[in-house]
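K.L.:
Structure below; questions to follow.
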Amino acid sequence: MKKGKIKYTAFLLAMMLFLSIVQPLAPQASPVTADEAVQLGKGQPLEGRFNEPGEVHWYKLEPADKEIQQDTHMKIEISGTFEGNISVYPDGDRAQRDFTFDDYRSEIAEGAPAVIYMPHAWKGPYYIKVEYYGTFEEIEENEGEFEEPQGADYQIGYEGETISPADMPEEACPVELSVNKRASGMEILKELRTVRDELLSKTEKGQQLTSLYYKMAPFLVTKMAVDKKIKDQVYNDLVKLKPIFSELVEKGDSSNYRLTKEDQIAIKELYEIIIQNVPGWLKVEIEKMAKEIGIDNLIGKEISTILKENGLAVTGSNPNRVIVKLKSGKAASEFQKKAKGITKSASIKTIKGNTTTLNNMYVLDAGGNTKSVAGALAKLPEVQYAEPVYKYHKNTSDIQFNSQWGLKNTGQDHGKANADIQFSKLYERYKDEQLGEVVIAVVDTGVDHTLADLEGKVIPGYDFANRDNDAYDDEGHGTHVSGIIAAGMDNHYSMAGIHPKAKILPVKVLDASGSGDTDKIALGIKYAVDNGADVINLSLGGPYSRVIEEMLKYAASKNVTIVAASGNDGADMVDYPAASKYSIAVGASNKLDIVSDFSSYGEGLDLVAPGADIPSLLPNGNVTYLSGTSMAAPHVSAAAGLLLSKNGNINREEIRRILTVTAVDIAVEEPEFEPDYDDDDDFPIRVLEPGYDEVSGWGRLNIWSAFNANALGLEVNALTDNDTKISGKAISGTKLQLKDGETLIAEGKAEKNGTFAIPIRPQQGNKILQLVANDGAASVRVVVKETPIPNTPKVNPVSDRDTVVTGKAEKGTTVFVKTNKQSLGKAKVDNKGGFKVNIKKQKAGTKLSITAESASKKVSKAAKIVVIDKTPPAKPKVNSVGDSDQAVKGKTESGATVFVKHKGKTIGKKKADGKGNFKVAIKKQKAGTVLYVTAKDAAGNESKAVKVTVKDTTPPAVPKVNKVTDRDKFVSGKTEANAVVDVKHKNKSLGKKKADAKGKFKVKIKKQKAGTMLSVTAKDAAGNTSKAAKVKVEKSK
């Protein structure tokens, strides 16, 4: 390792050596002020001289606007004949607090100039502190005696430099030098980094240890680089102390680990290494503090006690916690009594932070297996649900604009031209437009509001990780996200954000390691909603949580748009909370317009946005490349904010719709293949909507099209393959073109009432079209929905008398009526679903087939009906019926049943034979009786009735004739009343006479000779003639 810049350590070596028993040195220089700092100018180096070790010199930089426009960085260089340290600060306040970033500190070694590249990221003035430690010649390695202090000369100055964005730098330090490429080494390094991020960075005392580390580091690194024995000794001692590091990672400042004798020895050995390899002035201070604390008496002490006694303890996250939500109306006190039988925790705490509270939710220490404890608590009658506290993690004309390929992709760095969100075109439109202000909450690691590019963009927020009002970013992730959303434009600093009017509400829920707990995140979401957030960006992920889900639901109820990163595992399942139905789930694409391989995908993914190698701000002021769906999500959050800035009346689901229907399809066509599974396997197949795939969702964000579609009020009604027009809404006069690729299908304009209806030919189902507005200002995806085969028509009965076929069928279809041989007719179904098809009369028994055909030529199953017989038989032809008859006879329709009725009562019925002849048996009826005869066919159709009156067919009895002589001129006797008596001789009538009412008759005749034979008959009114009474004329006496 060459002498030169020492980057910020993975942990502070002093902390690891003494576990915070050593306090930092008090600054030897008085607090910096503008008057005390010497002004440095670009290209104007200055000479300086130190007189003795421990001396500090201050300088001040105030770059001119021209420098900021031309350069991205200031290259600050110092060279001299001494050992020391240089630190550069963004402003006077940080200089006072000795707070700066790793990259802006460097050791100064003889013959090796120290160089620091300070970005133009703050308003300034910048301050430089140069510290003089002396030289290694002052240290007598064998005797431990020091030479007289000697002075040192140096030169310091700066020049302008333009540096492109870079990846995150790796860290280097004395510990790394000792553990590099050794067994257990990298694991130790990882654990110590966690201790640094989650413990040291949280307290003022921990941050002060940084100062001490930088004083010791140059001497330790130089010694270890040339002395393998010291290097091995440091490594061996660190391995011995590994159990302590592991304990600190797992339990933080609540660890009850007690230091052992072996620990004491290792710490003592490390202490001796430091003492033997630092200058005398530093050695005196370290020995003094070691004596005060008692470095020789650590055996048996708990880590937690040591940390608390030295001001390094923080109230960190306890992983063994459970969140419980009580049912409405249930008392927490009653629950607490029962919970004591399940967990050792004596108390439950309300989940709150700042003024934000999660109603009816409580957290308690599980004291063991959180999953089993949560399960047991969930069974209590007072509990609605219980779940473990989960960890969530980050999903990780301006000078650097050309590096922002996601905003403008010219194909730079082997990318694909125009594979971006079309920001440049949009910027030209809205830069002079009055956009409304919108608040976008970045629920993340915090935000560094001191950066010049975020000046005036960040409003006060809250830190739920550390429970204070300073949501400062001690990790960098949240600042990077915020820069993508809202970094200043045309201010000549670093980069350009997407939304010029966005205000960032910083809500810190993730700590310095980029992780946070369920309750913190839930509180952060509620805080953001309650403090005016219009959009919430969640570039984080973890397990499903009902607690967080409730807060997402709460946000949705307040019409707050949630944008969440899909996850960076490349898994076929979207991470949570992106998987929530209340979130817009965002995956990542790269500069080739392909979904990044790390981007998690699956059901619920809405769209993708640039997320690979995305340059943005970090708290150290550099524009740095980061990759992840964490970087994709803020592109969409900014887009959502722009839609709200243009139209504050749209709701969150309308925002989702606009962003997805305007997204650009970047799905990769994959070759079809036969799935490899057995026929017996239960293989679920999810049918996806046309235009959607689970890898890229609805496509890649197109902010230009989304913004314009929103501005034009462009909405398209659902289009099916049966539709003969495309309709929707747009502002009056909007020019619209429906295209299939480059092929124009139809065009038109929005009417004055803000609607449009453009005639089209029915399009193929599942086809994806584009409705282009105003020559490309907006392009909305239109999916032609494939309709199913129409339902079978419902047909009313058809008789042999009908000339129309009626019924119900799907609106918009055409109904066809056919026989086996021919088409009888067709008709369009009306708006109420009714149809009426004209046909010629069909014979009874004819089979008809009725189908419905859609505009897309899909034909339903046929409704099969048979023409029913609705024609009654003709009136029966009935023979006369006499009062002596016992049957009614006649002729009617073949097979018909003949009914004979009298006074409405059937007195007989009989089915006619194949020729239609019938004979219905009845009882004899009196003459004059009126009968009604009908015929009913097999279909139940009954003929009109034939009225039949029973005739008198019974002749009178043979008349009783008195004696007739040759002298009589009358024939008398008795017969049927009113009958006409006829007296004949040799068939010749001699005389007729009607009998009276009593049947007496007296027929006048001429005298007849004796012996003449007379024939006497009686004929009734019906014409029935009796048999003749034979009377012989007698001779008179």
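In case you wondered, yes, glycine gets a Cβ from its N, Cα and C as well.
Automatic, uncurated: that is what TrEMBL annotation is.
Heads up, here are the entries from TrEMBL:
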- Asp444: active site, charge relay system (ACT_SITE)
- His477: active site, charge relay system (ACT_SITE)
- Ser630: active site, charge relay system (ACT_SITE)
- 319-388: domain 'Fervidolysin-like N-terminal prodomain' (DOMAIN)
- 437-671: domain 'Peptidase S8/S53' (DOMAIN)
- 715-778: domain 'Bacterial Ig' (DOMAIN)
- 790-869: domain 'Bacterial Ig' (DOMAIN)
- 873-952: domain 'Bacterial Ig' (DOMAIN)
- 956-1033: domain 'Bacterial Ig' (DOMAIN)
- 1-34: signal peptide (SIGNAL)
K.L.:
What's the CA to CA span in angstrom from Asp444 (active site, charge relay system) over to His477 (active site, charge relay system)?
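P.N.:
Their Cα atoms are separated by 7 Å.
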K.L.:
For the domain 'Peptidase S8/S53' (437-671) against the domain 'Fervidolysin-like N-terminal prodomain' (319-388), do we get 3 or more Cβ-Cβ pairs below 8 Å once near-sequence pairs (under 6 apart) are dropped?
P.N.:
yes
K.L.:
Give the distance between the Cα atoms of Ser630 (active site, charge relay system) and His477 (active site, charge relay system), rounded to the nearest whole Å.
P.N.:
8
K.L.:
Give the residue counts of the domain 'Bacterial Ig' (956-1033) per reduced DSSP state, in the order helix, strand, coil.
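P.N.:
DSSP classes over the domain 'Bacterial Ig' (956-1033) add up to 0 helix, 38 strand, 40 coil.
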K.L.:
Using DSSP with the three-state reduction, classify Asp444 (active site, charge relay system) as helix, strand or coil.
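P.N.:
The residue in question, Asp444 (active site, charge relay system), is strand (DSSP, three-state).
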K.L.:
Among all the protein chains here, how many other CB atoms are within 10 A of the CB of Ser630 (active site, charge relay system)?
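P.N.:
32, counting other Cβ atoms within 10 Å of Ser630 (active site, charge relay system).
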K.L.:
Ten-angstrom check, please: count other Cβ atoms within 10 Å of the Cβ of His477 (active site, charge relay system), all chains counted.
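P.N.:
27, counting other Cβ atoms within 10 Å of His477 (active site, charge relay system).
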K.L.:
DSSP three-state call for Ser630 (active site, charge relay system): helix, strand or coil?
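P.N.:
Assignment for Ser630 (active site, charge relay system) reads helix.
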K.L.:
What number of additional C-beta atoms lies within 10 angstroms of the C-beta atom of Asp444 (active site, charge relay system)?
P.N.:
31
K.L.:
Kindly state the mean pLDDT of the domain 'Bacterial Ig' (956-1033) in the predicted structure.
P.N.:
93
